[in-house]
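So the structure is just underneath, and the comments pick up after that.
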Amino acid sequence: MSEQEDQEAPKQFTFGTVGFDARFPNTNQTKHCFQSYIDYFRCIKAKGEDFVPCKQFWHAYQSLCPMEWVERWDEQRENGTFPAPI
């Protein structure tokens, strides 16, 4: 057997971004980022983490929000100081 046969074929990677949301028609997506973060945690609080439509909000905030913001918001939620009701 050759060395190439021993290696697995590379996995196909598909790149996707968030679709259009009529609530946020402008190019500045900061509000869309923040609202998707809030919507995700409200959704899993109401329906549970296994509820598939909640994943749409997760993908939105993971795609739009800088990770530093998400880390800070996670910390604020844990401390009870998050600036919006969830």
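The backbone N, Cα and C atoms fix where each Cβ goes, and this holds for glycine too.
Among CYS54, CYS65, the cysteine that Swiss-Prot records as disulfide-bonded to CYS43 is CYS54. Across the structure, CYS54 (disulfide bond) and CYS33 (disulfide bond) are spaced 15 Å apart at their Cα atoms. Its own atom aside, the Cβ of CYS43 (disulfide bond) has 18 Cβ atoms within 10 angstroms in the protein chains shown.
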